[in-house]
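First the structure, in the form of structure tokens, and then the observations on it.
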């Protein structure tokens with residue numbers, strides 16, 4: 001092979017490492033796999049625990065209950081006894097329990113069974129008390145991922161400021177792969193809980209490093225909004241594929257199959273990161289970022305984080321409670337438990353890609369305000385469904401509205417840092433991910449207990465009203481003031497005329513090299 005031909009792959013690889021589009025692809029794939037694993041367990045865990053724990057325990061006890069008595073001790077079902085009092089014949093049912101005497105005639109009366117709760121409708125699972133308790137256990141299992149992510153996120157934000165985004169991104173891939181394999185071979189609630197918590201650590205590294213990397217590469221506000229919309233499309237696609245994929249594979253192939261497929265896809269993502277990101281390279285930020293606690297004191301960042309938290313809390317509460325509610329009220333088969341989330345996932349995918357562009361034109365504050373109102377109305381309509389088809393409208397509206405909020409709030413977080421703080425993005429996207437995780441931690445962990453106390457319909461009323469009540473706060477993000485040393489060029493009122501704003505640093509090519517700071521100073 002001639003030397004020129006040998007150098008072609010290396011040229012392509014070098015061009016790829018300098019391309020912002022391939023960085024976007026890497027972040028897209030990482031968010032896709034993370035959220036596929038997030039939602040693939042939603043239809044699997046409730047039915048798997050019900051099958052292994054409730055039905056398994058009852059099947060071991062059933063033979064002892066149904067074992068017939070010895071023939072010698074078995075009493076005849078009916079026996080006659082002559083009464084010398086009024087010369088009539090009395091029929092005795094069983095032994096001497098149920099007797100009837102009507103005008104001297106013989107009447108057969110079957111024995112009354114012991115008082116029990118009425119059997120469930122045909123096709124519905126029995127064990128109402130077990131399902132009520134399972135609401136809480138499944139909610140805690142789902143919330144464990146977000147709780148762990150909540151704790152780890154600030155540390156990852158600080159780590160990205162010190163060593164850059166590449167190594168944390170690859171660490172997230174490694175942990176995600178281990179979690180996926182553990183899910184595939186876990187057979188008890190405890191192991192599933194550990195695998196879910198481990199996923200939270202990996203997700204923290206992937207999401208914080210990935211979003212921070214995009215914000216540092218796309219410095220123009222309009223381009224950043226589009227890139228965030230595409231990256232969130234990966235998140236939406238993972239949510240879209242995860243639940244239906246998990247329910248169908250679990251029903252027709254087995255529990256381990258969807259997780260093994262995800263583990264294989266994770267390996268491909270790791271190979272892509274090795275080629276594009278060079279995770280052995282330490283690329284610290286040249287400017288010291290604003291501390292997390294300083295950002296948390298910024299009221300505008302808190303308003304944006306609250307919108308992310310409460311809008312996602314609605315779907316987070318649905319994840320553990322909706323499948324069990326469908327099992328109890330609709331007698332739904334396993335495959336329908338995941339398909340119920342399909343309308344929300346499709347509409348979220350449409351919403352994030354559509355409003356990644358439109359939100360900048362109509363005003364991101366207005367986009368998020370309308371989205372939170374629609375989230376609340378959709379949640380109020382969920383309990384009105386009588387079958388899976390009745391869930392299409394509410395879940396579709398819910399997913400579309402959350403897509404509006406997410407695609408508006410994620411770029412606003414980066415914009416607020418540029419406008420009011422130092423343009424280093426690891427910490428602010430750690431806060432955004434913390435807000436997201438708080439919704440997915442508080443939602444499932446409290447949702448099961450609330451359902452057991454007041455019922456599923458009232459849970460939807462509570463979280464729906466909270467979203468509608470919070471929506472007016474998005475007005476505060478209409479025109480946030482800049483600090484004295486910052487001059488905003490971008491105006492929310494004239495988005496078509498101005499699409500960029502000045503930043504503290506000269507935009508630099510990706511990947512960052514050791515000489516990039518010197519080049520930036522010479523350019524100035």
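Each residue, glycine too, has its Cβ placed from N, Cα and C.
Curation plays no part in TrEMBL annotations; they are all automatic predictions.
As written in TrEMBL, here are the features:
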- 21-45: transmembrane segment (TRANSMEM)
- 72-482: domain 'Major facilitator superfamily (MFS) profile' (DOMAIN)
- 105-125: region 'Disordered' (REGION)
- 111-123: compositional bias 'Pro residues' (COMPBIAS)
- 171-195: transmembrane segment (TRANSMEM)
- 201-218: transmembrane segment (TRANSMEM)
- 230-253: transmembrane segment (TRANSMEM)
- 259-279: transmembrane segment (TRANSMEM)
- 300-318: transmembrane segment (TRANSMEM)
- 338-358: transmembrane segment (TRANSMEM)
- 365-385: transmembrane segment (TRANSMEM)
- 397-417: transmembrane segment (TRANSMEM)
- 424-443: transmembrane segment (TRANSMEM)
- 455-477: transmembrane segment (TRANSMEM)
- 500-524: region 'Disordered' (REGION)
- 512-524: compositional bias 'Acidic residues' (COMPBIAS)
Determine which recorded stretch among 171-195, 201-218, 230-253, 338-358, 455-477 has the most C-beta pairs below 8 angstroms with the transmembrane segment (300-318).
455-477
Per the 3+ Cβ pairs under 8 Å rule, pairs at least 6 apart in sequence, do the transmembrane segment (230-253) and the transmembrane segment (338-358) touch?
yes
So what pLDDT does the domain 'Major facilitator superfamily (MFS) profile' (72-482) average out to?
79
Chain residues in Cβ proximity to the transmembrane segment (21-45) (below 8 Å; excluding those fewer than six residues from its ends, i.e. six or more beyond):
138, 141-142, 145, 169, 172-173, 176, 179-180, 183, 192, 196, 199, 202-203, 206-207, 210-211, 213-214, 217, 227, 230-239, 241-243, 245-247, 250, 255, 258-259, 262, 265-266, 269, 272-273, 276-277, 319-320, 323, 334-335, 337-338, 341, 345, 510
